[in-house]
């Protein structure tokens, strides 16, 4: 017992040792050690409460988190003599996929089902929308959306996904009196089409699992369910938690959920922080709640700021005690304001890049990998990327296009699906369109029509019959189809012959060459044959086609019996207290190659591209890129941490982000208030009092709903900002280049201007606060010179980096150990391409080139050699501004007392600032001027990696004095 709770604080210990049959909520703020608590809770239930590990389900938000927990559990369980094989630890989708593979056939799910690709879903929805009768479209509430988006099915996909996230089937939706006829019509046929193709989308995995668990007593052996990142669950997942925890009971046996409602930022995926309240409301057994408030990540000054921001939310927030840090360096977050100009030289992004270089120069503190730049939207990446390239700072962009999102990767999976499945018409159509075989859109439509007529038959057999008929009336096309059929049959025959996993390598080579997957490189078959003549295909892929090299590695290293998700768990009939592990359809002495392929395609489809990019990024392309600044959206940074974090563009319209629907609601609210104003004018003229009161009551109702919607949106945006703030360990940089965000309102005392480089003493104080030692690395380095360069750069607003008193055009060549001796820097131009451009490219070591399959574009960046150029004519941008939360009417509709309290609450939550108004004489032609204010020094926040061991005192007696005196 002591070993399990060793190193836990009091609240963590309470959470770990709580009663196993209760429903427990653990409110774990950022950096409070929730993974440690989850792991210890699992081990406690197994070792102290004697619950078989296979009777415990643990769901995580990502595969990476699941693997981390398994690794932590391995030594604990092995010491107790318990195997970790087959543990039910994974994402909701992987757990439910495992359930459906075992028993999905009981509710009509095809046994050989696979995950529908985005292309599958879009193709099906587009076809259904085109085939939907006009009268049904016209009867829809969304007639405009459906009519205008017959080729863009995103609207439909979102509506259907919303229904599934709420656990609503087409049949249940039909019974809803408020259902939309067109949505229901398409939804029902969409589900039928997916099943006929043996496909499930991600939402289906959860939806059908709920249906299965409601109809059948599956997995009755479960004793406890642990849920990580509970704040990111939706209504359907909440239902699944109760159903999975039901076990042999009528209600539920034991549930532990861990999460932070203040970090609920996935509303666009229909997640709801209100699930914390719903869990308690619907709980049939005793429940408890424990808050973890000891933060082991951030300095107290950073926590104070983040707590102030999240505390602005008054309504619908679960209260907890403020977070407590384990250290404090008394360095507040740095904030800087930049005028919005047309010139790049004065831009926020360029100053940010300079800060990174100056912080990098501090001896022994910073690496590029210690720094993260967190952005609200992906549209902001370009400006940041441009500044990093200009200053020669290596970087990586998180969540770039995933391995399996590339076209050739998808075609490879399509070939595997065609080989291993009977119903695969969509995969066949994509493969035919990919190859250079002369098959055009007209032929594709004929083939698709043939597939639609015989959905229940083998797709390849239907294609054969079409080839042999005279319907195509084109010998060349018939010959091309016959070649494709022969290729598939050849691959199937080979799969029947393979009896070891070595066959995976040969099968990959056959698909790659015969399927012409190399064609995305814009090279001919003769060229590739010449290139692989003296080396292996693997070597060719590694240097010329990195994306397919990753696919090659994943495919050829796959083994069926090593994946827990392909292991069934059944109770032992002879001993009810024991559980048997059954490797699904697998016998090591009789390898079924088709099953290997089937399970590979299923397992790959369960993992999102976000995880692929996080775990299998471009680090392997070139070693010199491993030390890089991270550029990421805030959503992609959730769960991660860095010593130094930059959050730029904390402006109205970005943080909080007023996307299209929010802007429309703001415009609607402004219009309602103008209508109210007009209504007052009419009442003063001729309108009767009764009619006037009815109109005003209607306006009040609409305004109340809009304010509620805006408040919900604003709270979500505040939580997103809170997540970004709490990623920083030691230093936090905030900046704005437009109208300052309302989230910074009333926080002025908790942040400051950047004072780190004011003088050498400031730098030494920073070292001392961080308990770091300033070691002398070179007699040629001076803190005084560093501070002078920094101040000169800020005062001159120069577009180039200043080092040793000189404008440096190539910062990559700087010797950061030398800023006193004369030095020369290259003034030649260098060719660069943004990282986002070579994410789809192939890197050729030693050739200094990236082969992207498209025209070679080289960016030549040049910089001015003037020592201290004057700021370019900083003309203020007169671009049309986003509608923001304070751009509402000056005279709101007079309201009842309840409406007034709503407005007060919303204002206190920073939802609106009514100090600016849309005056009546500017209703049509409204323009907003950006106020010109004095530019403050930019305050980046960079943090050295802290040593968690006992910190050493700063030795300043000799070394520090030497630095200052230079």
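Indices start at 1 and increase along the chain as displayed.
Cβ from N, Cα, C; glycine included.
According to TrEMBL, the feature domain 'UvrD-like helicase ATP-binding' maps to 7-299.
Long-range Cβ neighbours of residue 35 (ATP binding site) (same chain, at least 6 residues apart, Cβ-Cβ under 8 Å): 65, 68, 69, 72, 228. What TrEMBL records for 28, 29, 30, 31, 32, 33, 34, 35 is ATP binding site.
Under the heading domain 'UvrD-like helicase C-terminal', TrEMBL lists 300-639.
The region 'Disordered' annotation in TrEMBL covers 894-934.
According to TrEMBL, the compositional bias 'Polar residues' annotation covers 894-918.
Fewest Cβ neighbours within 10 Å among the binding-site residues 29, 33: this applies to 33. In this structure, residue 35 (ATP binding site) is part of a helix by DSSP. Neighbouring residues of the recorded ATP site, listed in sequence order and excluding 28, 29, 30, 31, 32, 33, 34, 35, comprise 37, 260, 292, 295, 296 (Cβ within 8 Å of the Cβ centroid).
Note on the binding-site residues 30, 31: the fewest other CB atoms within 10 A surround the CB of 31. Long-range C-beta contacts of residue 28 (ATP binding site), restricted to its own chain and to partners at least six residues apart, with a cutoff below 8 Å, comprise 34, 37, 258, 259, 260, 292. In this structure, residue 28 (ATP binding site) is part of a beta strand by DSSP.
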